[in-house]
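> Taken from TrEMBL, the feature transmembrane segment applies to B:18-39, B:51-69, B:76-96, B:102-124, B:136-155, B:175-199, B:230-248, B:260-277, B:284-301, B:307-326.
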Amino acid sequence: MSLSIQFDQVTKDFGAVRVLHGVSFELAPGRVYGLLGENGAGKSTLMKILAGYERASGGEVRIDGTARRFDDSRQAEAAGVVLIHQEFNLAEHLTIAQNIFLGHECRKGWLLDDAAMRAEAARVLQLVGLAADPDTPVRRLIVAEKQLVEIAKALSRRARLLIMDEPTATLTPGETQRLFALIARLKEEGATIVYISHKLDEVERVTDEVVVMRDGRFVARAATAEVDRRRMANLMVGRELSDMFPDKEPPPADAPCALKVSGLSVPGWAEQLDFEVREGEILGFAGLVGAGRTEAFEALIGLRPRSAGQVELGGRPVALRNPRQAMKHGITYLSEDRKGKGLHVDLSLRDNLTLMVLRPWLRLDQERDALVHAVREFGIRTGDLAARARMLSGGNQQKLALAKFLHPDPRVVVLDEPTRGVDVGAKRDIYFLIRRLAAEGRAVIVISSELIELIGLCHRVAVMRAGRLQATLGLDHLTEEELIAHATGTR
Amino acid sequence: MQPEPVESPTVSRKWRSVLGGLGPILGLVALCIVGTALNPDFATVDNLMNVLTRTAFIGIIAVGMTFVIMSGGIDLSVGSMAALIAGSMILFMNGLAGGGHAPLLVVALGMGLALVLGLAFGCAHGLLITKGRVEPFIVTLGTLGIFRAFLTWFADGGALTLDGALSDLYSPVYYASLLGVPIPVWIFAAVAVIGSVLLNRTAFGRHVQAIGSNEQVARYAAIRVDLVKILTYMLLGLCVGIATLLYVPRLGSASPTTGLLWELEAIAAVVVGGTALKGGEGRLVGTVVGAILLSVISNILNLTSIISVYLNAAVQGGVIIVVAFMQRGRR
C-alpha cells in the first residue's frame, strides 16, 4: 500500500527568483529516505509541492506512475501524502483530540462523534508515546509535546507517504528513540517516509537512503550505509568541511570566577542550583526538555520569579530583578525561541541589532556603522542592509540574534540552543564564534539538546534532571553515554 | 527566505513602502481636487484655516493615539476624557474666580489642570493595563463610560459654562492668530513635530515600535515594557489635555455631548494614516494627513449638498473600513 514518487524536472519560481531548478529523482515505496541540504537548498519547497501546499511552476510529480497535481493539502492527504510541518499548525485553544481531527471530524448524523474521536486520538497518542489526556487543550502542552501531537495527527490520517520536517528538533533523546521505533513500525506497515533533518547522526540511524539537495538542485543519492556523516556534510555544503569544532583551549588556571550562582530555586522548575563559570570558560547545560534549564536562566536574569538564590558577578553579589539590570551587570540571555523571543522578524536588521543599547537620543549614523561592523564580524549574509530580519535565512537570523545579545558587551553570555534549525555551515560559524567569545575572556553558557555539540564545544557540562543539578562533568568525562545516563537518571 | 510572488522582491517592497507612505497624501490631494470642483469656496485660505483649526483637536489626540496603537494598545476613552477634563477645568476656574484670584492666573491654572488630569488619567490607564493586566480595550471601554458619566453628573445633565469674564480672557487661545495662522494650528503643528521626533529619533519611539511588533521579544531584549506602555498612555492623556484646553475657549462650555465620537475620529485618523492596528508599524506624518483628510471630507459635506452632513460619521466609518480593506495582507 505504499507509494512510489517520481519528481521529473520540477521547477518552482517565486517571482523572478527560481528556488528549484528542474529537480528529478525517484523514491521507491516502503523505504525511509533522508532528505539533506542546507537551509535554502529547496528541500522544504519540494516537499510542500508534493504535499499540496505549493504548486510547481514546471515539471511533474508522479505518484505510482500517474502525474498528480494537488490543489491543496486535503487532496494530498486523501491520496495518502501527509507532511508534518517544521512549524506547528495547531489551534492552541482546541483540545488534542479536536486538533487531531480538525477538518476530518467524525460524525454521527448531524452531530460530532466525540467518543469515537477521543478513542482514536488516545490510540495514536499511545503510538507516539505521549501520555496526555486527549481532552487537554493544546496551549497547555510544551513544545516537544506539540511536536508529538503533530505526528499523531499525521498517523490518524493513515499516511502512505509521510514527510517529517525536522521532527526531533524539540524532542528529548527518549522521545526521539520512541519516534525512531515508530518510524520502523510504519515502514514495516508499508509506508514510505521522507525524513528531513539537520541532525546527521539521526539520519544515519534511521534512514535507508539519503538524497542530498543544494541550491535548488538534486546533488546526490546514496545508501545510508555507504556514506559517513562527514561525507554527508561535505555533500550538503559542496566543499570539504574541516572539523566542525574549534580546538578546545582551556581557560588559564588562574582565570577568575565570572558568575557564581548558589541555591537558585524557581518555583515549579528548579531547586537549589549551584554552579559557577570562570572567565574564558564554556559551560554546557545538558538535560531533557522540561528539565528546567531554560526556566532557571530566565529566572536568573529576572524574566520569571525565583524563590531563592544568590548571584555573584565578578565576585560581587548582585540582585537581578529584570533583564535590564542583568544587562547592566554584564549578563545577557539569548532565548531558544528565535522568532518568538529572540528577534523582531518584522523589524530591520539595524533595529534588531541595536535595540538593547539605545541611548535616549538615537544616533542613526552610529547605528548604521554598528550594523556594517556586525555584518562583517558575525558573517551575516544579506543582500540588503535595509532588509527586515525575516528575509534572512535561519542561520543568518541566528547570527544576527547573537550579534544583538553581544552588542551590550556582556561579560557572561547565556546561549539557549544557539544552533537550533541552523544549517551545517552556519553551525560551524557559530561554534567558532562561541570559541572566540571565550578566548576574549567572556564566560559562555551553552544550553543545548545536541549532545555532540556540548561535547565538541564545552569545557565542562552540567546535567540537569527534573529541576535539579545532577552532575557536572569535566573534559575527561564528556561522553554521550555519561550525559544521557545523568540526564535520564539511570546513574 | 520568504520570496514574494512578484517580479523582484526588493523592488516591489520599496515600491509598496513608497506607495504606503504616499497613499494618504494622494487621497488628500484627490479629495481637494474634488472639493474645488464641487464648490469654489473650498479652495480659499479662510476655508483652509477653518479646516485646519477644526482638525487640531482630533489631530493632536491622534498623534498621541499613534503611540498607543503602535505599541499594540488602544484607547477608546479619549472623547469622554476630553469631556470630563473640559468640565473639570470649567468648574475649577469658576471656583477660583469666585475666590477672588486674578483672572489670568485662574486661566493659567485651569490650563495646567487640563494637562495634569490628562497625565493622571493616562497613568491610570497604563497602570491598569500593565500592572493590573486587563486588556486595553476593556480598561478604556470602562473609562469611556466612567468619564462621561462623571461629567454628566457634575453638569447635572445640562451644560457647565465658563464665567463671562474668564471666557473673554480665554477665548483668544482658540480664536487668535499668529502670522495669519490660528493658534490651534500652530499647536497642532508643534505637537506633530515633537511627536515625530519622539517616534523616529528617540529610544522611546523605537521601543514603542518594538513592543508593538512583538512584546515578548522586547521583554527578552531588556526593554522595560511596562514603563514604556504606561508612558504611551500618559502621552496620549497629555495630548487629550492639550486638545481640551484648546477646545474649551471655543464654546466656553462643556456638556454631555462634548467630545462625542472623538475616539472614532482619532482612531480613524491613525488607521487612515497607515498605522497597523495590531501595532509595530506606522508613521506619524500619515496620522497628521489622515486627520486632515477626515476633516476635509466633513468640510466638503458641509459645503456641498451631495450627502447630508448628518451622515458625516457614516462616511468616516466607511473610510476606516475601506482603508483597512486595502491594507489587508500587507504584512
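Residue numbering: from 1, along the chain as shown.
For all residues, glycine too, the Cβ spot is worked out from N, Cα and C.
In terms of burial and nearby residues, how do these features look in this structure?
Sequence-distant contacts of the transmembrane segment (B:18-39) (same chain, six or more residues past either end, CB-CB distance under 8 Å): 272-274, 283, 285-286, 289-290, 292-293, 296-297, 299-300, 303-304, 306, 326, 330.
Non-local neighbours of the transmembrane segment (B:76-96) in the same chain are 57, 61, 65, 105-107, 109-111, 113-114, 117-118, 121, 125, 137, 140-141, 143-148, 150-151, 154-155, 160-163, 166, 236-237, 240-241, 243-245, 247-248, 252-254, 256, 258-264, 266; each lies 6+ residues outside the stretch with a CB under 8 Å from one of its CB atoms.
Long-range neighbours of the transmembrane segment (B:136-155) within the same chain, counting only residues 6 or more positions beyond its ends whose Cβ lies under 8 Å from a Cβ of the stretch, are 68, 73-77, 79-81, 83-84, 86-88, 91, 121, 124-125, 128-129, 254-256, 258, 263.
Within the chain carrying the transmembrane segment (B:175-199), a Cβ under 8 angstroms from the stretch's Cβ atoms is held by residues 45, 49, 52-53, 55-57, 59-60, 63-64, 66-67, 70, 205, 208-209, 235, 239, 242, 246, 249-250, 284-285, 288, all 6 or more beyond its ends.
Within the chain, the transmembrane segment (B:230-248) has long-range Cβ neighbours (under 8 A, six or more residues past its boundaries) at 56-58, 60-61, 63-65, 67-68, 70-71, 73, 75, 78, 81-82, 85-86, 89-90, 110-111, 114-123, 125-127, 129-130, 162, 170, 173-174, 183-184, 187, 191, 198, 204, 208, 254, 258-259.
Residues 20-21, 23-24, 27, 57-59, 61-62, 65-66, 69-70, 74-79, 82-83, 144, 283-291, 293-294, 313, 316-317, 319-320, 323-324, 327, 330-331 of the same chain lie 6 or more positions beyond the ends of the transmembrane segment (B:260-277) yet place their CB under 8 Å from a CB of it.
With a threshold of 8 Å between CB atoms, the same-chain residues lying at least 6 positions outside the transmembrane segment (B:284-301) that come near it are 21, 24-25, 27-28, 31-32, 34-35, 38-39, 42, 47, 50-52, 54-55, 58-59, 62-63, 65-66, 192, 195-196, 199-200, 265-266, 268-275, 307-309, 311-312, 315-316, 319.
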> Looking only at residues six or more beyond either end of the transmembrane segment (B:102-124), which have a C-beta under 8 A from one in the stretch?
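Same-chain contacts beyond the flanks: 77, 81, 84-86, 88-90, 92-93, 96, 143, 147, 165-166, 169-170, 230, 233-242, 244-245, 248.
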